[in-house]
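Participant: Handing you a structure now.
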Amino acid sequence: MEMLQGLLLWLLLSVAGVWASRGPLRPLCRPINATLAAENEACPVCITFTTSICAGYCPSMVRVLPAALPPVPQPVCTYRELSFASIRLPGCPPGVDPTVSFPVALSCHCGPCRLSSSDCGGPRAQPLACDRPLLPGLLFL
């Protein structure tokens, strides 16, 4: 009887896990539009712009039982293909490069976080925090 209960519990948890991973609360890794901010200490304003970034859910595993094995690497939603675009900050003094370049996500995938090209730190409390006055809204896709 205990074996049957254990099997039933395993089956229910398996089905629930599959159902939860496909639900609307966890959109899978994909390009989305996001508004970011750019500034330069030598220029008088901060400017916001809209671009595409990679965001969404990546399936992952965590070891439940302690083991002598190293932890399982956790995949993150990151760029598969990208291009770069640039904006010019207005009002920069002569001799200061007003150009700010940024990545534009063309496609995304779940994979290891590469610190050389990605910020792997998770969500920010203030993603649009600027030290300079804010000049709103450019759209670059």
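Each residue's number is its place along the chain shown, starting with 1.
Backbone N, Cα and C atoms are what each Cβ position is placed from, and that goes for glycine too.
Computed from a predicted structure; not experimentally measured.
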Participant: Let me make sure I read this right: Swiss-Prot says CYS29 forms a disulphide bond with another cysteine. Which one, out of CYS46, CYS77, CYS92?
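Facilitator: Of the candidates CYS46, CYS77, CYS92, the one Swiss-Prot pairs with CYS29 is CYS77.
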Participant: Have a look at Swiss-Prot and say which candidate in CYS110, CYS113, CYS120 forms the disulphide with CYS58.
Facilitator: CYS110
Participant: Do you know which of CYS92, CYS108, CYS113 Swiss-Prot records in a disulfide with CYS43?
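Facilitator: In Swiss-Prot, CYS43 forms its disulfide bond with CYS92.
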Participant: Taking Swiss-Prot as the reference, CYS54 is linked by a disulphide to which residue in CYS46, CYS108?
Facilitator: CYS108
Participant: Counting other Cβ atoms within 10 Å of each Cβ, which of the disulfide-bonded residues CYS46, CYS130 scores lowest?
Facilitator: CYS130
Participant: Given the disulfide-bonded residues CYS29, CYS43, CYS77, CYS92, tell me which ones have a C-alpha lying within 10 Å of the C-alpha of CYS113 (disulfide bond).
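Facilitator: Within 10 Å Cα-Cα: CYS77.
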Participant: For CYS58 (disulfide bond), which of the listed recorded positions (ASN33, CYS46, CYS77, CYS92, CYS130) have their CA atom within 10 A of its CA?
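Facilitator: Near CYS58 (disulfide bond), where near means Cα within 10 Å, the recorded positions are CYS77.
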